[in-house]
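J.: Mind looking over this structure? Questions follow.
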Amino acid sequence: MALLFFLILAFCTGLGLLESSSRTRLVGGRHRCEGRVEVERDGQWGTVCDDGWDKEDVEVVCRELGCGAATGTPSGTLYKPLAEKEQKILIQEVSCRGMESKLIHCEQVEDVFDCSHKEDAGAMCEIPETVRLVGDPGHCKGRVEVKHKEQWGTVCKAGWNLSAAKVVCRQLGCGRAILTKRCCNKDTQGQGPIWLSEVSCSGQEGSLEDCSSGLWGKNNCTHDEDTWVECEDRFDLRLVGGDTNCSGRLEVLHKGEWGSVCDDGWGEKEEKVVCKQLGCGESIFLSAKARRNFGLGAGRIWLDDVHCSGKEQSLEQCRHRFWGHHNCNHKEDVAMTCLQL
């Protein structure tokens with residue numbers, strides 16, 4: 001009987017019917033729903049070759065990870081650190097119909113023979129709405145609410161600190177956390193359940209769900225202790241004046257207004273971060289004359305003395321002066337070109 005069970009087990013494994021050892025994750029992205037695609041096979045994590053990789057495949061990855069809609073099929077090489085040379089490429093020629101619940105249910109080839117890590121697949125998905133800030137017209141300021149059992153509820157200030165606020169701001173795609181406090185007056189406090197208390201975050205988590213907390217709905221808080229968080233507005237950037245979205249004069253969005261970036265201290269590391277954030281390829285060196293072809297900016301100069309390590313996922317994570325503080329004119333506007341993927 002034991003021998004028969006072993007033979008059945010081996011047979012099922014050979015057909016790929018046993019999935020307990022298979023998982024999928026996204027690595028190196030700005031949040032848990034973006035990054036280089038990696039799959040686990042028998043305890044080993046490896047990458048996916050992008051031969052035939054398309055939006056239907058990404059849709060399945062997004063569904064498996066509990067993320068929102070698929071928004072892009074970027075190269076996995078955009079996400080740092082890159083896969084180690086010794087890390088295996090486990091599957092290639094993935095072909096999903098888009099309706100499968102897991103990547104392992106899709107057609108795929110496990111005998112990878114003609115791929116390198118330069119062909120690693122990536123995925124971009126929307127972040128599911130499980131946290132929000134309400135009570136203020138803006139998206140990035142308000143009372144913290146979380147979704148549980150399809151119902152929104154508040155978070156008690158007990159145990160809460162700026163590290164937890166950083167996680168919320170990052171999860172919402174906003175800028176840096178600038179304030180968290182006990183909320184609220186009668187007009188702005190919550191009315192429904194108080195879902196969480198004693199939330200403890202390091203500040204590095206991808207979502208509030210990754211932080212430790214008390215049991216859902218188990219606390220002795222009142223709505224007078226609801227939590228309020230303020231983040232900088234969403235950080236967005238663009239290249240304007242060029243032929244593509246990967247070339248032009250750099251502009252950043254702050255307080256609903258686009259403004260330029262001064263080139264004091266600007267270099268390869270800063271351009272690397274911009275190209276990555278825009279979903280473009282490596283930056284290309286441009287002469288001063290070529291940069292002037294994109295024209296001069298007008299209006300605000302938002303950033304000056306920007307310094308990046310090159311590992312940041314967003315220019316917002318780099319050091320810079322306070323917004324709007326500079327000693328520049330528009331002749332010093334940053335202009336650049338990245339390879340278009």
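The backbone N, Cα and C atoms fix where each Cβ goes, glycine too.
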J.: Quick test of reading the record: TrEMBL lists a disulfide for CYS106. Which of CYS96, CYS115 is on the other end?
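T.: So the cysteine paired with CYS106 in TrEMBL is CYS96.
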J.: Let me make sure I understand the structure: which of the disulfide-bonded residues listed (CYS211, CYS308) has the fewest other Cβ atoms within 10 A of its Cβ?
T.: CYS211
J.: Would you list the DSSP helix, strand and coil counts for the residues of the domain 'SRCR' (24-126)?
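T.: Helix (H, G, I), strand (E, B), coil: 19 helix, 39 strand, 45 coil.
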J.: If you draw a 10 Å sphere around the Cβ of CYS106 (disulfide bond), how many other Cβ atoms fall inside it, taking every protein chain shown into account?
T.: 18
J.: CYS106 (disulfide bond) to CYS308 (disulfide bond): how many Å between their Cα atoms?
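T.: With the alpha carbons as reference points, the distance is 40 Å.
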J.: Looking at the disulfide-bonded residues CYS96, CYS308, CYS318, which ones sit with their CA no more than 10 Å from the CA of CYS201 (disulfide bond)?
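T.: Final answer: none.
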J.: Mind checking which of CYS96, CYS201, CYS318 has the fewest other CB atoms within 10 A of its CB? They're the disulfide-bonded residues.
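T.: Taking CYS96, CYS201, CYS318 as the disulfide-bonded residues, the minimal 10 Å Cβ count falls on CYS318.
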